[in-house]
Amino acid sequence: MEILIRSTPADVAVAAADILASYANTSATLGLATGSTPVATYKELIARHERGEVSFAGSRAFLLDEYLGLAPEHEQSYYATIRRDFTSHVDFDDALVKSPEGSAADPVAATAAYDQAIRNAGGIDVQLLGIGANGHIGFNEPSSSLTSRTRVVALHPQTVQDNSRFFDNLEEVPRHALTQGLGTISEARHLLLIATGTNKANAVQAMVEGPLSARCPGSVLQLHPRATVIVDEAAAALLEDREYYLFADQNRLH
């Protein structure tokens, strides 16, 4: 696992955008995440696109997850969110931006179809991830199998509470979602996880330095042959081997 510590959230966004842009310019398949953390990275990519530095015209994208019961046109669906935050502002082909079918009549069949669609596309080249305060990635809550596939899950009460800021009130937040499983996520060729802020420090420490455990779904990154974790100083505050990570970053072979 490669741990990159940057001074500020803005620096994290730039570093993540560097990696994503390098893939986009080779017409790669990108795994995209929603939520508040990736927004700055998407803004950086939009700015680079406007300057002619990156193109997504040859890329396709798969989202990590989607709320159960929300149609793509619902303003809080993750498909609508990723269009609002990113893909509609660059030259992505809308037809090549896919999300799990949250409004499907048969959600279980929809999850299996989503896994198959990723396989049919040749897999994901780079998967952008965030991490929740309880260690979840995607909607893989604590106790999720480390080999799980795309499936329907019940959301942890803390996740419902955290996501209520995007809705008018707590009651409107869906209690279930369709999410790529930890096994599905781990099949991406490169995992890129970003985290900022003191509220993520415990989760980052557990993911990087804690035991491999379903209690911290993010710890599955420990098993991946190419995982990059980019955090700001606040999110890195509890890392015991922080000085080594800084040294390794400064002495990387390019």
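Quick reminder: no glycine exception, Cβ is built from N, Cα and C everywhere.
For D65, H136, the entry in Swiss-Prot reads active site, proton acceptor, with the evidence type sequence analysis. Among the features that Swiss-Prot reports, active site, for ring-opening step is placed at N134, E141.
Taking the features listed in Swiss-Prot, we show where each one sits on the structure.
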| residue | record | DSSP class |
| --- | --- | --- |
| D65 | active site, proton acceptor | strand |
| N134 | active site, for ring-opening step | coil |
| E141 | active site, for ring-opening step | coil |
Roughly how many Å separate the Cα of H136 (active site, proton acceptor) from that of D65 (active site, proton acceptor), to the nearest whole number? 12
Are there residues of the same chain, six or more positions away from E141 (active site, for ring-opening step), whose CB falls under 8 angstroms from its CB, and which are they? N134, V153, A154, L155, H156, T159, P217
Cβ contacts within 10 Å for D65 (active site, proton acceptor), all chains included, total 23
Cβ neighbour count (10 Å, all chains) around N134 (active site, for ring-opening step) is 19
